Structures are given as structure tokens and as C-alpha cells.
Amino acid sequence: MSLDLALDVQYATTSDYLPSEEQLALWVKTAIGNSMKQAELTIRIVDARESQMLNGTYRGKDKPTNVLSFPFEAPPEIELPLLGDLVICASVVENEAREQDKTLEAHWAHMVVHGCLHLLGYDHIEDEEAEEMESLETQLIESLGFTDPYKEQ
């Protein structure tokens, strides 16, 4: 089954490397897999200031973060393909990639997959949930040709 994806990409910052809409769509489709027939999703790529503001407002943490996931929650009787929004901070992703000795492309792919899994309801608060989510992330990232994102962490 092929996913019918409506992806809105908003580039609200500049950087030496930002993934293309085609790359982002591939990573989203890989993460969503057969979970949905149709999906609508917005990915907003932001600077540290906007990330810090959103992270403070929605998570109570006064610092920028790599990815924020905002799932769309419709009433149960209404079926819509709206998955939600991802907000990804380019500078945090770049710094983490450098610190973890990963390519930018590999870390961007990981952040998109990670964020999409949150939108699908996965979480990593409890150890058991974290193991399940990390295992799935690893499978998906490796299917894209990248190495295990949690190796050596």
C-alpha cells in the first residue's frame, strides 16, 4: 500500500544543509509506513530562538530542542488524515550530528522519523516504551540506508 502524503514544508531558517522536500517526504513515508492510507503533515524548520520559545511554551523547558511533535487530535467520531506538525530546529540537529559524529542527512532522517513516531502515538517516557520506539526507529533508519542512530550512545 502506498501512502498518499500531503506534506507542507516551511523553511523558517537558513543553514548550510537543510533537507529537500523530497528527502523529508521519503523519511515521513518510511516512518508512517502502512499505519495510514492518507496523511497530512506540516514540517517547520526553525532557528534556535523559535524552538526555545515553543519548547518553553509547550514543554516548560527554556532551551531549544531538536524536534517537537504536535499531534492533531480530532474527536473520535471524525476521521481525518491530519497527522499533526513537526517543528525541527536546524542548529540543534547540526550540533547533535557533529557531537554524535553522524552525517547531517542521517541525523535529519532520524529526527523526522522520531517525530513522526511521536505523532503516531509512540513515546519514550517509560523504559519499555522507549525500547519499543528505539527499536522501531533503528529498523526504519536502517531501511533508509543509515546506521543505527542509538549505536554508541
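Using the three backbone atoms N, Cα and C, a Cβ is placed for every residue, glycine included.
Quick look at what Swiss-Prot lists:
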BINDING   H114, H118, H124  Zn(2+) binding site
Request  = Let me know how many other Cβ atoms fall within 10 Å of the Cβ of H114 (Zn(2+) binding site).
outcome  = 24
Request  = Look at each of the binding-site residues, H118, H124, and point out the one with the fewest other Cβ atoms around it within 10 Å.
outcome  = H124
Key: Additional residues around Zn(2+), ordered along the sequence, whose Cβ is within 8 Å of the centroid of H114, H118, H124   = V67, S69, G115, L117, Y122, D123, M133, E137
